[in-house]
Amino acid sequence: MEVKNFAVWDYVVFAALFVISSGIGVFFAIKERKKRTSREFLVGGRQMTFGPVALSLTASFMSAVTVLGAPSDVYRFGASFILFFIAYAFVVIFTSELFLPVFYRSGITSTYEYLQLRFNKPVRYAATVIYIVQTILYTGVVVYAPALALNQVTGFDLWGSVFATGIVCTFYCTLGGLKAVVWTDAFQMVVMIVGFLTVLIQGSTHAGGIHYVIEQATNGSRLNIFDFDVDPLRRHTFWTISVGGTFTWLGIYGVNQSTIQRCISCKTEKHAKLALYLNLLGLWIIVACAVFSGLIMYAQFKDCDPWTSGVISAPDQLMPYFVMEIFATMPGLPGLFVACAFSGTLSTVAASINALATVTFEDFVKNCFPHLSDKLGTWISKGLCLLFGVMCTCMAAAASLLGGVVQAALSIHGMCGGPILGLFSLGILFPFVNWKGALGGLLTGITLSFWVAIGAFVYPAPAAKTWPLPLSTDQCIQSNVTATMSPVLSSRPAIADTWYSLSYLYYSAVGCLGCIVAGVIISFITGPERGENIQPLLIRPVCNLFCFWSKKYKTLCWCGVQHDSGTEQENLENGRAWKQGAESVLQNGLRRESLVHVPGYDPKDKSYNNMAFQITPF
């Protein structure tokens with residue numbers, strides 16, 4: 001394959017991204033230097049507004065894997081990827097209406113604090129360890145995979161990009177904390193949109209116009225979006241994307257520390273919800289850009305597919321190859337696209353480093369050293385950012401040794417996210433579930449999701465379930481291309497064509513539902529939790545939606561939790577002594593005699609604000 005190297009202007013545009021990102025970290029380090037506490041550093045003082053938080057959320061979850069992988073997926077399998085519109089809508093609704101109110105009103109900083117309030121410390125620590133391992137592994141792959149794809153197509157230095165990404169992210173996370181991460185993400189989101197729009201405009205012009213693109217996509221069956229086949233073994237159908245995609249993204253979004261940390265940094269609950277819904281618009285825009293980019297690529301390469309003809313060695317290289325083709329005579333614009341791709345990487349890595357530092361500080365450091373001073377806590381938080389930055393960069397280096405395992409590593413989010421989603425669902429939706437059921441459910445969910453995912457890696461699904469749409473090489477100039485033969489599967493167990501062939505989008509559903517079912521059964525066997533032992537703010541009474549006509553049935557479904565004892569504000573005032581970050585609950589216990597007024601509810605705004613989490617003297 002001919003490698004088209006960057007011009008000087010490409011390097012200038014790309015370097016500007018790193019310089020500006022680092023500059024934002026320096027700015028907030030200088031601006032906030034006199035009022036830094038660990039809480040200010042990790043959650044921005046809980047005074048962020050919805051605009052930058054929404055942009056940050058979108059940028060954090062639209063990594064370079066999306067920028068490079070989604071257009072390639074559309075190119076090969078068709079535009080059914082657009083159905084993620086439905087999954088994202090459900091994810092944002094469930095997050096904002098089901099999970100966010102519980103996390104925001106309880107005043108926690110780490111989402112895993114909730115698990116200790118609802119269950120106990122072992123459950124909290126088990127979930128935290130799973131999250132840390134999962135995030136380090138995933139972040140390393142997020143850094144390495146796009147760097148490899150860009151290196152093989154553009155000639156951009158592989159290890160230079162890997163270490164530059166790790167160093168810059170670690171630098172502005174360590175200096176500026178969450179505020180630097182959020183505002184840098186907002187800037188990087190703008191870069192991603194501009195990069196995509198540039199590719200869309202030039203690509204459609206180069207291919208012959210939007211009408212021609214749509215015509216060729218229709219002729220190539222790329223616009224057959226709605227496939228209602230209920231077969232769970234099919235890679236992408238309406239049901240696998242809308243249902244399985246909802247579970248997958250809810251597992252890595254709705255209860256993810258990175259998401260919730262940004263939401264609880266907002267100054268009111270209303271701002272947090274607005275950030276989520278505005279973020280939904282951003283997700284839709286990115287997905288739409290990715291889908292149209294894939295269709296334009298198909299119109300460009302419909303008669304000479306660079307993947308099957310051997311011009312490129314992996315599908316993820318399609319987008320960089322396409323960009324270098326259409327911008328061959330426009331120095332600087334390939335650099336803009338690479339900046340777009342690495343904006344996704346930077347935002348994801350920065351969000352991961354900040355979230356890892358937060359859960360480690362809140363779940364381990366503060367529990368071991370509860371009387372840390374604010375100054376020392378801030379320095380420890382910065383040290384954790386530095387540590388995890390180094391670890392994620394080293395994981396990127398290790399990913400280069402994984403070979404074919406990289407694809408399996410990318411699915412680790414779904415494998416771990418589903419059971420964690422099930423664990424939080426047990427706590428929030430099922431008041432009778434006890435800590436034994438929670439821990440047993442988590443282990444069951446992890447076992448099931450890893451079983452199916454590892455089995456799928458060892459025994460790939462039959463080609464009939466995952467084969468891409470037809471790709472042509474009729475007009476390619478044939479070179480020395482070696483035809484690759486599919487491996488002969490001599491010994492293949494029967495389970496490989498059923499359980500192991502399940503669509504990858506159902507991994508989270510398997511883990512989540514397995515966790516919930518096992519947790520409910522174990523709780524009934526070991527004795528259900530007594531409702532009066534559970535603070536109402538830790539439960540969402542969703543049964544009210546289904547039993548609205550009968551107070552008797554609603555009370556029965558509450559399982560003894562006193563949801564009818566007053567309004568949520570009265571529960572805040574007459575419940576446990578919630579203080580900043582719920583530290584008083586976690587460290588001093590649940591003291592019914594410590595009834596305090598928590599001025600967190602604004603009846604005019606009909607929203608909770610972070611006044612609720614200021615320290616109240618006893």
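Heads up, the Cβ atoms here are built off N, Cα and C, so glycines get one too.
Source: prediction; values computed, not measured.
In TrEMBL, the feature transmembrane segment is placed on 412-432, out of the ranges 349-369, 412-432, 538-558. Between the transmembrane segment (6-30) and the transmembrane segment (504-525) there are fewer than 3 Cβ pairs closer than 8 Å, counting only residues 6 or more apart in sequence, so the two stretches are not in contact. A contact between the transmembrane segment (82-104) and the transmembrane segment (236-255) is present, since 3 or more of their C-beta pairs, 6 or more residues apart, lie under 8 Å.
A contact between the transmembrane segment (276-301) and the transmembrane segment (504-525) is absent, since fewer than 3 of their C-beta pairs, 6 or more residues apart, lie under 8 Å. Counting same-chain residues at least six beyond the ends of the transmembrane segment (50-70), those with a Cβ under 8 angstroms from any Cβ of the stretch are 81, 142, 145-146, 149, 181-183, 185-186, 188-190, 192, 195-196, 252-253, 258-259, 262-263, 265-266, 271-272, 274-276, 278-279, 282-283, 286-287, 290-291, 293-294, 316, 319-320, 340-345, 347-348, 350-351, 410. The transmembrane segment (412-432) is not in contact with the transmembrane segment (190-214), judged by fewer than 3 CB-CB distances under 8 Å for residue pairs 6 or more apart in sequence.
Below 8 angstroms of C-beta separation, residues 61, 77, 80-81, 83-84, 86-88, 90-91, 94-95, 98-99, 111, 226-230, 413-414, 416-418, 420-421, 424, 503, 505-509, 511-512 of the same chain, each at least six residues beyond the ends of the transmembrane segment (236-255), sit close to that stretch. Long-range neighbours of the transmembrane segment (504-525) within the same chain, counting only residues 6 or more positions beyond its ends whose Cβ lies under 8 Å from a Cβ of the stretch, are 232, 235-236, 240-241, 243-245, 247-248, 250-252, 411, 414-419, 421-423, 425-426, 430, 432-434, 436-438, 440-442, 444-449, 452-453, 456.
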